[in-house]
Structures are given as structure tokens and as C-alpha cells.
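In TrEMBL this protein carries:
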DOMAIN    5-55  domain 'Helix-turn-helix type 11'
DOMAIN    137-217  domain 'WYL'
DOMAIN    267-326  domain 'WCX'
Amino acid sequence: MRTSRMLAVLLELGNARPTTAQALAERHHVSTRTIQRDIAALQQIGVPVWTRTGPAGGVGLVDGWRSPVTGMTAVELQTLIIGEAGSRDLGLHDDFTAARLKMLSAASQLGPSPERTHERFLLDNEAWFAPSDRPAALAEVARSVWEGRRLSFDYAFRSHVEAAASGSAAAQSPLRRGRRSVDPLGLVLKTDRWYLVAARQGTLRTYRLSRMSHVEILTEQCARPAEFSLAEYWRESRGTLEASLASLPVRLSLPMASAEVLVAAVPGPGTRTAISEADCDGDRLEIRLHMESVDIASSQLMGVPGVEVLEPAELRREIHERAEALRVRNQPVESESTAV
């Protein structure tokens, strides 16, 4: 298991002279790239691991730093990797708090306490005005991931795309259900939503936990693809999803003053890029960008002051029809004093 290997690497670095990533890889029977990912993960949780290239290079711990993991349980180390929000949802917040205190105690030997950082910076991963998405299946799915055992569950699909993420474009499509048996590879907490990354019939797939029901942990051990990286898969999968959703080419005209409103209405780096590349005609911008669908694009653009859809015609027509319906429904109501 990766956490056990990372713990072993940390203990080895703390008890020996500087070594190399290749030597660590050979001792732990993994690739050099895997060890490099482990080192990066240790650095992210505050372990002062240094790496240097060249003849005098290698891997080691900063002089004077004493590892707290000799008094840290495997679960506590796991919670540091998962983070506070994930640990809380998994019912491991007490373990996270204990692990954090041990890490802060060890790090204080290097200078001013990192508690200052905790007092001055806060990461809140929950969305505004929305309940936390803590799915009922989380505990069982997490256990299957920890134990490396296959998982079976009923799943509610809306579309092929939405099987990989929340997929607002498919929000109105009917659900279809099916039973799935998979090799669980990792859990992802995206903002406040949990996803399972799993292998099914040789293909990597992503499932939203809130759509799972009747979860069953099987007796068979899961088959984990060689050199699989959860972080790399998620980054590539997210990019593919975002590109597949933004499939509708749109040409807009809007006042310069509405540019930031457009950024808020149509989130994503593509919107800012489109604005930076826009043609300017007086106080108006002509913008070309890709949006999800006519239905979603019209909903997003209805709140942008002064926007005019130049292309496509079906989007312009949809916005016109919605605006006309709103105009009719929101006719001014005469007060009793002025009514005839």
C-alpha cells in the first residue's frame, strides 16, 4: 500500500545518510518515478525532504529535523495525506488532529512554529449555500480502497459524460441504473463532492459516490494497473471532461463593463482567454468562446447585462424566447389607487 511505503521511506530517510531515488526504488521494488511521487507527497504534508541533482545530489531530510512518525499511527499518517476535509468526512478527524499536532511539534524545532500559518490561512472546501455532499456509501467505498478489495454497487447514470463528473449539461436527462463491479483505485474529494476512480474491464472510470447504492465489498483483491497515479489520472480526466463539455462555439457582443460578469457566469480559464483575445468595437467586446449547450449557455448568459448573441442562431432564439416569457410574466402590476 502506498501509505505503508511512504512511511517506510520516511523512516529510512530519517535513520540513514542521504540516498538516491533510484536506490529507494530498488529497495521498495517500485519505479524511480513512483518514489519521486512519494517524495512530493511527503513534501506536501510538511516533511522537509530535499532533492538535489548532480554527482553530490540525492534525497535526504533537512538537518535537525526529527520525524514524528515514530509515535504516529499509520491511520494518522494517512489523514495527513488525505487532508482535513477528507478526514472529517471519513470519520478520521480526531486522527488528523493528533497527526497535525505531532507534525507541528517536530517542525517547531526548525524555527518559528508553523502554527502561525494555521492561524492565518484557512482552506474551506465546501460550496456556498449548499449542504455538504457526504454520501452514505463513503465509509464502505473507502474501506474497499484501503483494503484493496473489489467493489460492487448499483449506479445511477445520466450520461456517459456525467458518469465521470457532476455534468450539469445532463442535469435534466433521465436516470438509468446498472450494477457495476470494479477494482477501486482511489477516492477524490473535488470541492465538496466525492468520486471513486476505478478500473472496469480494463478501462479507468470515475463514479460519483452520491449515485451509488447497495454497495458490497467483495472478497477478491483488486488488480491495480502498474504505475497508476491517481493525481495524474484526475488531472487528465478533468481536462478531457472540461473540453468535452465545452462543445458549442458561441460569438457574443457585450459591454466592456460586463466582462467580469461573464467570467462569473461562465467559469473556467477559457472565458478569460476569450476576453483577452476579443475584438474591441467602441465600448463593446466581440468574444468567441466554447460553451456547454444551448440550454446551459442561455441560462448562463441571461444574467450578463447588455449581452447579444451573434452566433449560433438557436442560442439567440432561446435567449429571446426566455426573455420574452419573463417580460410577459413580469408585467408591471397597477396599484389599486391607479386602477380604473
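Cβ atoms are placed via backbone N, Cα and C, with glycine included.
The DSSP breakdown of the domain 'WCX' (267-326), given as helix, strand and coil counts, is 30 helix, 15 strand, 15 coil. DSSP states for the domain 'Helix-turn-helix type 11' (5-55), grouped as helix (H, G, I), strand (E, B) and coil, give 32 helix, 5 strand, 14 coil.
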